[in-house]
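Handing you a structure now.
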Protein chains: 2
Amino acid sequence: MAYPVSPLASPFPALPPIAGVTARVVRAGYKDWGRCDLTYVELDEGTSVAGVFTRNLCCSSEVELGRANVRQGKARALVVNAGNSNAFTGYRGREAVEQIMGQVSAHLGCPLEQVFVSSTGVIGVPLPKDKAREGVDKALTAQPCTWEDAANTIATTDTFAKGATASAIVDGKTVTISAIIKGSGMIAPDMATMLGYLFTDAAVEPAFLQECLSAANLRTFSCITVDSDTSTSDTVMAFATGKAGNAPLASFESAGADAFAAAVHDVCRQLAHLVVRDGEGAQKFIAVTVSGAVSDESARKVGLAIANSPLVKTAIAGEDANWGRVVMAVGKAGEPADRDKLSIGFGGTWAAREGLPLADYDEAPVAAHLKGQDISIEVDLGLGDGQATVWTCDLTHGYISINADYRS
Amino acid sequence: MAYPVSPLASPFPALPPIAGVTARVVRAGYKDWGRCDLTYVELDEGTSVAGVFTRNLCCSSEVELGRANVRQGKARALVVNAGNSNAFTGYRGREAVEQIMGQVSAHLGCPLEQVFVSSTGVIGVPLPKDKAREGVDKALTAQPCTWEDAANTIATTDTFAKGATASAIVDGKTVTISAIIKGSGMIAPDMATMLGYLFTDAAVEPAFLQECLSAANLRTFSCITVDSDTSTSDTVMAFATGKAGNAPLASFESAGADAFAAAVHDVCRQLAHLVVRDGEGAQKFIAVTVSGAVSDESARKVGLAIANSPLVKTAIAGEDANWGRVVMAVGKAGEPADRDKLSIGFGGTWAAREGLPLADYDEAPVAAHLKGQDISIEVDLGLGDGQATVWTCDLTHGYISINADYRS
C-alpha cells in the first residue's frame, strides 16, 4: 500500500560518507514486493557503539539482544530487515535473529555480540529464516550503496527517505555524523516502527557515546509523538569508527566533547523532526513549548499531554485556536499546574494569561499562524524555571484512513 | 451544530419518579438556541449527597465548590447549566456560581453549601450572570418536568438522551434509583463534559452514600474512555431523599446495604455505557477484559492503555483483528507484563496464546464478531488474579469530522 508523500516532506540531504562505514542493500523478499528490504552496514574494527531502545515491555528479540549487547561497547555490523518486525514471535523469532548474527560474525570473524539486528514491519510472524539467510548471503558481498538507498531500504510505510548530518571540530579534526531514520511516528508496530542510526568517524569511547546519545534522546526522540502509541521495536543506535583520527573522546572533560555532543544532539533533533513530518496523516508540524514548569521533566510531561491530546491535534487540523483544549490537556497531565497562573499562546500571540482569556485578544495573527504548516503552541505554567519543547503533528482524516480503512 | 444520532443509541428508559425530587427546566439562553438549557432539581429536606469529580487540575469553580461542599453531606438543590462550562473563567466564573447558590438558598431558606451547580459547554467564557439570574428565577417556579426533559436539558452535543434505573429491597422497603447523564466521553471541555446524577428515595447516611458511589465509580466511570481527554468539569453526584422509609443505611453492616450498593453500581454501569455509546464518531461499542494481572488496578491500567490506543481503536473501526496492536498497547502500559505469557482474543476466540500466534487460529469467527456493533477484546496476562473490564468505542472519521472540520 502506498500513501501520498507527506506535505511536510523534506528532500533527502547530501550526506557525507563516513570512513569505516560501508552500507549495502539487497532484496530478501520479506514481503511480496520488488524493492530492497535488507540493509547491511559493515563497520571497521574498533567501532564504538551506543543505543537507546523502546521501553515497551513486549519488545522484540532484536531489541532484547541489542540492549544486552550494546553494553560491551563495540560493533562490526548492523542488519536491518524491513517488512517484518519479528516481534511477538517467541523462540522462533529469536532463532532468526541469532542465525543472522551467527552468519555475519562468521563472515567477519568477530564476536557474535558485535552484530546488531533490527526488524520493522508486521508483528507476530516469525522472520523467515531461509529468506534472511539468502538475503544476508547476498548482502555480504553486494556493491556498496548510497545513504539514500539505505534510508529507502529500512523504510516501510514512510512516505519519504529521511537523513541528517552535522559536523564538529574535535581535537583539531573535523568529525562528521551521517544518519538515517525510518518511521511515521513512535507508532504502529506492524507498520511504522521508528529505527534510527547515526554513523560518525569520530573516535569516541563507548560509554561517552552512550552518554551523548542518551542525553540527546531525552530532548529529541523522547519529545516527539504522533499518536501516543509506543512501538515494540523502536531503536536508535550510534556507531563511531574513529577514522577521523582525533584523540578519543572519553568524557565531557575531553577537548571537543561539547562540540561533538552538540552535533549528536543536532542530528537527533533533525531525525526526530523528520519522523514527525512523516506522521501518519500529518498536515501540520506542531511545536509545543512549555515554560514555567517546576522542572524540565515536568515541562516535557505537560508538553506530551498536550501533544498527545486528540482534541488539541484535531483543533490544529481544523485551524482552530481552541486554547480551552490546551487548558484541559495541561490539567490532565497530572503535573503541578495552577489554573490561575496558566498562560497559553499560538505563534507567539497570547490568547490567555494567568488563568483568564485576554480581554484585548486579537485573533487575526493567530488565525493567520494556524493556516500555515509550522505551528507553535506556547504554554507558560507560571510556577518555576522548567522548560521543554515537544513536537507532534495534527490528527486528520488521513490518520483514520491509513489505520482503519483496510483489512490486514 | 447537530450530529446524526449515534448508531449505538438506546431509547430513553421508563424512569420512575423519586419521592422528594422535583425537576424543572427552563431556557436561560446561554447560547443562541431555542431549547431549554437550565435544569433545576429541588430536593426535600434531609437529602443526603455524595459526589465524585474530575481530577483535572484546571477544573471549574463548579467542581471546586461541589467537591468542598459535598463533604457536609446534605443537599437541597442542583442547578445544571448547559452551553457554557464556565471553566477557566477566574473570579468572574466563580461569582456567577456563587450568585446561583445565593439565589436558590434564599428561595429555599437553606445553607448556601446545600446548593450544587454544574455547567457544561464552551470554556473560557464566564457564565453570564444576568441570564443565569433570570433563568434561575423562572426555574424556581416552573412546572415540574419529566426525567427525559431533564436528560435533554443537561445535554450539549449528545446525540440521544440518557437515563438508567435500578431498585433494591432494603429493610423490607423497595428503594429506587433514577439517574440521568450527559456526555460523549470524558472528553472535550468545550463541548462534551460528562455530568451524571443519581436520585434515590432510599435513606442513606452521606458517608455511606459516598462510599457506594466512589466504589461504583472505580469500576464504571473510571473504566470508560472515548479519547483519553479528561474534562475540566466531569461530575457524578448521588442524592438520597430517604422517602422510602427504610432504616437509614450507614455502612455495609446495615441490612440491605449490599443490595443498595449493587443497585448503585448497576445504574453507574448503565450510565457509563450510555456515554460510550454516544462517543464522538462511535460505530462500535468495545469491552476490553483484562485478566491474569498482578492486581485489579493493574488490569484496569492495561485495559485503559488498550482502550486509549488510537491504533487499536482504528483497527476495530476497520474490523481488523489486529492483535499485534493489542500487544503493543499492553507493552506500553508500564504495568507488569510478560510477552511470553500473554494471550489475546476477540469475541471469545484466542488469536495468540502465551506469546505465540495460534498455529490453528481460525479467523472466521473473529471476522464475523468484528462485523458486529458490540466487540469484546480479551487479554490474559498470565501473571496473577487481577482483572478488570474497560469500555470504549472505535475511532472513526466521525471523530475527526466532529472535532476538526469546523472553526470554533
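Glycine residues also receive a Cβ, built from the backbone N, Cα and C atoms like all the rest.
Just so you know, TrEMBL annotations are computer predictions that nobody has curated.
Note that the coordinates shown come from a computational prediction; the quantities given were computed from them, not determined experimentally.
Okay, these came from TrEMBL:
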BINDING   A:T156, A:K182, A:T193, A:E280, A:N403, A:S408  substrate binding site
ACT_SITE  A:T193  active site, nucleophile
Cβ neighbours within 10 Å, counted over all protein chains: which one of the binding-site residues A:T156, A:N403 has the most?
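Answer returned by the neighbour count: A:N403.
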Taking Cβ atoms only, which of the binding-site residues A:T156, A:K182, A:N403 fall under 8 Å from chain B?
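From A:T156, A:K182, A:N403, the ones near chain B are A:N403.
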State the three-class DSSP label for A:E280 (substrate binding site), counting H, G and I as helix, E and B as strand, and everything else as coil.
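Coil, per DSSP.
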In DSSP terms, helix, strand or coil for A:K182 (substrate binding site)?
strand
Report, as a single number, how many Cβ atoms besides its own are within 10 Å of the Cβ of A:K182 (substrate binding site).
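30, counting other Cβ atoms within 10 Å of A:K182 (substrate binding site).
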According to DSSP, collapsed to three classes, what secondary structure does A:T156 (substrate binding site) have?
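The residue in question, A:T156 (substrate binding site), is coil (DSSP, three-state).
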Near A:E280 (substrate binding site), how many other Cβ atoms are within 10 Å of its Cβ?
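If we count other Cβ atoms within 10 Å of A:E280 (substrate binding site), we arrive at 28.
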